Amino acid sequence: MKLKREKQESSDCNEGSKGKMTLLLALVTLISAFGSSFQYGYNVSVINSPALYMQDFYNRTYFDRSGVPMDSGFQTLLWSLTVSMYPLGGLFGSLMVWPLVNNCGRKGTLLINNLFSIAAAILMGTSELAKTFEVIILSRVIIGIYAGLASNVVPMFLGEMSPKNLRGAIGIVPQLFITLGILVAQILGLNSILGNAEGWPVLLGLTGIPSLIQLLILPFFPESPRYLLIQKGNEEQARQALQKLRGWDDVDDEMEEIRQEDRSEKEEGHFSVLSLCTFRGLRWQLISIVVMMMGQQLSGVNAVFYYADRIFQSAGVDSNDVQYVTVSIGAINVVMTMLAVFIVESLGRRILLLAGFGLCCVSCAVLTLALNLQTTVSWMSYLSIVCVIVYIIGHAIGASPIPFVMITEMFLQSSRPAAFMVGGSVHWLCNFTVGLVFLYMEAGLGPYSFLIFCAICLATIVYIFFIVPETKNKTFMEINKIMAKRNKVEIQEDKEEFEDFHTVPGGQAEKKEISSSEL
């Protein structure tokens with residue numbers, strides 16, 4: 001096939017692949033986000049409200065068994081285990097991404113994953129009847145594994161299904177459902193609903209319901225067309241899946257784009273995590289993902305939520321009303337993430353990342369000042385409330401949702417599962433570290449601990465500004481070309497195949513036609 005004709009096809013493809021949001025695409029987005037991402041958020045905040053009642057249950061159970069009350073140090077240890085086993089499970093879940101999505105498919109992995117959630121929900125819901133607190137700690141690991149898989153597989157599944165002009169918006173939907181999960185757990189955890197001595201086992205057990213719904217409905221939806229064509233080699237199934245998702249029969253252009261990606265990767269085969277880490281052609285993509293994921297978790301979002309109650313109390317909010325204030329912060333988080341869904345395709349990823357981390361950086365700096373001066377200057381406590389709200393807005397529009405979108409976009413099919421495994425592991429490892437270290441940091445540094453978060457946000461901004469490209473409205477191949485230049489990989493022109501890779505001494509090479517505007 002001649003290059004000129006291929007170029008024509010490519011430009012037609014760019015016009016033709018402007019997909020619209022079909023009913024099927026909307027439904028598969030909602031079902032996978034509600035059935036998986038929702039519970040990640042729900043289980044992040046579900047144990048905050050009933051903490052005292054659960055600790056009381058730990059105490060009573062221990063007393064009934066041994067006849068002596070539980071030592072306070074032991075109780076603190078058990079409770080920190082209950083909290084921290086969740087991100088540790090998330091790390092284990094992330095390590096299972098690569099083998100599962102390659103062998104069972106994206107949809108298959110989500111369906112298998114529901115079994116973890118339902119098992120954990122049954123165990124947690126019946127823990128009080130069974131008079132065992134060990135089961136709660138075990139269930140937190142299981143639901144963590146579930147969340148670790150869900151947080152990686154859902155963005156991958158939806159990113160591969162979306163047309164390029166909707167990929168960013170659809171990629172933020174999982175994050176929107178994470179924030180919705182946090183909000184629903186906060187509302188149901190109010191003392192008047194389930195956040196009480198009788199209601200907490202029900203509150204913990206409710207997490208199984210979205211999984212059950214997903215298990216019943218998701219099998220009727222198509223698998224990722226890219227997975228079917230590139231990894232399974234099943235062209236007919238991939239075409240049918242694409243036709244259903246796009247709502248029209250003529251999907252030749254998009255099929256051709258997937259085939260180009262397939263051809264370009266034939267020589268490399270599947271990347272394992274080790275080969276991904278050592279492959280020069282993907283060096284900057286990998287570093288970018290690690291930096292963005294570390295920035296997302298180490299920017300202090302957990303610390304801000306942890307401090308929020310105290311900040312509001314010091315501003316004169318009654319201690320009984322603090323729970324309602326926490327719910328309102330959860331609501332702001334949801335609304336701002338929803339806003340990100342609508343603006344990401346017009347403003348682009350880079351702007352949202354820079355603005356999001358920028359707001360977090362400034363609010364951490366001002367918050368340090370406000371917390372230090374609130375005993376001497378009366379209005380400083382109100383300034384710290386504003387800082388918390390600005391911080392939440394910044395995290396919701398950029399720092400939380402965009403990194404997962406970027407993993408889908410910066411990697412091609414063969415390296416994407418390994419990239420999600422690396423990104424997901426960094427995400428959960430940093431989450432676990434902050435949970436473990438923050439209490440000591442807060443004891444030692446007090447409000448000054450926010451200066452560390454401020455510095456991390458600033459470092460992330462500098463890196464994104466200089467290294468991370470804009471990926472809005474580009475095909476995976478186009479993004480790969482931009483990054484090939486960044487990786488200083490030699491780019492060659494091939495007359496026969498429009499986008500064929502050749503292995504060269506430096507690693508991976510591609511067609512030498514990149515406009516300066518793309519760089």
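Easy rule for this one: first residue shown is 1, then count along the chain.
Including glycine, each Cβ sits where the backbone N, Cα and C put it.
What TrEMBL lists as transmembrane segment is 21-42 (among others). Counting residues 6+ beyond its ends, the transmembrane segment (21-42) has Cβ neighbours under 8 Å at 110, 113-114, 117, 143, 146-147, 150-151, 153-154, 157-158, 161-162, 166, 170, 173-185, 206-207, 210-211, 213-215, 217-218, 221-222, 244-247 in the same chain.
Per TrEMBL, the feature domain 'Major facilitator superfamily (MFS) profile' maps to 29-472.
Residues or ranges marked as transmembrane segment by TrEMBL: 77-98 (among others). The list of residues near the transmembrane segment (77-98) in space but at least 6 beyond its ends in sequence, with Cβ under 8 angstroms from a Cβ of it, reads 43-44, 47, 51, 54-55, 58, 70, 109, 133, 136-137, 140-153, 272-273, 417-418, 420-421, 424-425, 427-429, 431-432, 435-436.
For 110-130 (among others), the entry in TrEMBL reads transmembrane segment. Panel annotation: around the transmembrane segment (110-130), residues 32, 35-36, 39, 57, 100, 104, 136, 138-140, 142-143, 145-146, 149-150, 153-154, 157, 200-202, 204-212, 214-215, 218-219 of the same chain, lying at least six beyond its termini, place a Cβ under 8 Å from a Cβ of the stretch.
The transmembrane segment annotation in TrEMBL covers 136-158 (among others). With a threshold of 8 Å between CB atoms, the same-chain residues lying at least 6 positions outside the transmembrane segment (136-158) that come near it are 28-29, 32-33, 36-37, 39-40, 43, 54, 78, 81-83, 85-97, 100-101, 106-107, 109-110, 113-114, 116-117, 119-121, 123-124, 127, 170-171, 173-174, 178, 204, 207, 211, 224, 404-405, 407-408, 416-417, 420-421, 423-424, 427-428.
According to TrEMBL, the transmembrane segment annotation covers 170-194 (among others).
A Cβ distance under 8 Å defines the sequence-distant neighbours of the transmembrane segment (200-221), meaning residues of its chain 6+ beyond its ends; these are 24, 27-28, 31-32, 34-36, 38-39, 42-43, 46-47, 49-50, 53-54, 57, 107, 110-111, 114, 117-118, 120-122, 124-129, 136, 139, 143, 146, 185, 188-189, 194. According to TrEMBL, the feature transmembrane segment maps to 200-221 (among others).
Under the heading transmembrane segment, TrEMBL lists 286-308 (among others).
Sequence-distant contacts of the transmembrane segment (324-344) (same chain, six or more residues past either end, CB-CB distance under 8 Å): 45, 168-169, 171-173, 175-176, 179-180, 182-183, 186-187, 190, 305, 308-309, 312, 317, 352, 388-389, 392-393, 395-398, 400-402, 405, 472. Among the features that TrEMBL reports, transmembrane segment is placed at 324-344 (among others).
Positions annotated as transmembrane segment by TrEMBL: 351-373 (among others). Within its own chain, the transmembrane segment (351-373) has Cβ neighbours under 8 Å at 292, 295, 299-301, 304, 311, 340, 343-344, 380-381, 383-384, 387-388, 390-391, 393-400, 402-403, 446-448, 450-451, 453-454, 457-458, 460-461, 464-465, 468, counting only residues six or more beyond its boundaries.
Annotation comment: TrEMBL describes 379-406 (among others) as transmembrane segment.
Taken from TrEMBL, the feature transmembrane segment applies to 418-441 (among others).
Long-range contacts of the transmembrane segment (447-468) within the same chain: residues 284, 287-288, 291-292, 294-295, 298-300, 303, 349-350, 353-354, 357-358, 360-361, 364-365, 367-368, 371-372, 406, 438, 441, 486, each at least 6 residues beyond the stretch ends and with a Cβ under 8 Å from a Cβ of the stretch. Residues or ranges marked as transmembrane segment by TrEMBL: 447-468 (among others).
Here TrEMBL flags 498-519 as region 'Disordered'.
Among the features that TrEMBL reports, compositional bias 'Basic and acidic residues' is placed at 509-519.
Remote same-chain residues near the transmembrane segment (286-308) are listed as 45, 276-277, 325-326, 329, 353, 357, 360, 364, 367, 388, 391-392, 395, 399-400, 402-403, 406-407, 410, 419, 422-423, 426-427, 430-431, 433-435, 438, 442, 449-450, 452-453, 456-457, 459-460, 463-464, 467-468 (criterion: CB distance under 8 Å, separation of at least six residues from the stretch ends). When pLDDT is averaged over the domain 'Major facilitator superfamily (MFS) profile' (29-472), the result is 92.
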